[in-house]
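According to Swiss-Prot, the protein carries these features:
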type	residues	note
ACT_SITE	69	active site, proton acceptor
ACT_SITE	156	active site
ACT_SITE	190	active site, nucleophile
DOMAIN	29-301	domain 'CN hydrolase'
């Protein structure tokens, strides 16, 4: 297996390409994960950047392109939104107002644009966004088909730590796996990948291309991705941002609480680590920690059946009479309105 990195024009991102030997009886899919930074508080500029990266990936033949967690809208790394137990600051509330303003409605014009881009470049697009639903924000993944159609979304079920201050909780109605000509595609976001029951639900839906947009650049993340590939007998595509301090607004507009005084504009605040892993646990491309990059591998879909010959976690290796899972896949709304229709009889009859 040869790893080839090809510089792009204008010193842009690198495209790490893996040429795999392929079984001629099984289809091969070229997958790309994007490792790049949001343009914080500037959603139109971030969408423009997404288009440039998508066009570049498509020029190399990518059929599915996965962007990082919260790429549209931004991951507010280092911010505490002025929160301490029993207290919220005026600046923190203003920070939330700006963050809310940078989020997108689903459906909405930004979703329409992303769908059009997927169709223009003929790729399946998996995009991390901050979704605005009224005044609640969700960390969400959007799915788009290569024909230019919005397919659906997954809302992060469990935000981690202080994320719970700014993001709502998804429910069981948005755990989709989409059957497409290039395989069954699903996604889990960042640390919800550590939730065994969520993974099991996705395996039960037959996920073959398991997308894992994340904000975790630690080396230990690689162990989680390898485990999921082996456990699920699926390809794992994990995309993370690569960010320096200069990719965020300068202080005092934006402050990395507790570390700002130690940072320079060139300080790396998120080191990437984007990776593509096969169902056998082999690393096909990445992890990359050196800067913005497009990371690609050719996925031999025959690897899925070969992996599941030994271990099919919700098939021949399951014991449903001993261990089983119930998933509540209906929406959970805080308010339900019901209307009773009253039949008015014509008393003249």
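Backbone N, Cα and C define each Cβ position, glycine as well.
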Subject >> Other CB atoms within 10 A, centred on the residue listed as 'active site, nucleophile' >> reply: 25
Original post:
Near the Cβ of residue 69 (active site, proton acceptor), how many other Cβ atoms are there if near means within 10 Å?
Top reply: 24
Subject >> DSSP state at residue 156 (active site), helix/strand/coil >> reply: coil
Subject >> Predicted model, mean pLDDT over the domain 'CN hydrolase' (29-301) >> reply: 96
Original post:
What residues, ordered by sequence, lie under 8 A Cβ-to-Cβ from residue 156 (active site) and sit at least six positions away in the same chain?
Top reply: 138, 139, 140, 167, 169, 170, 189, 190, 192
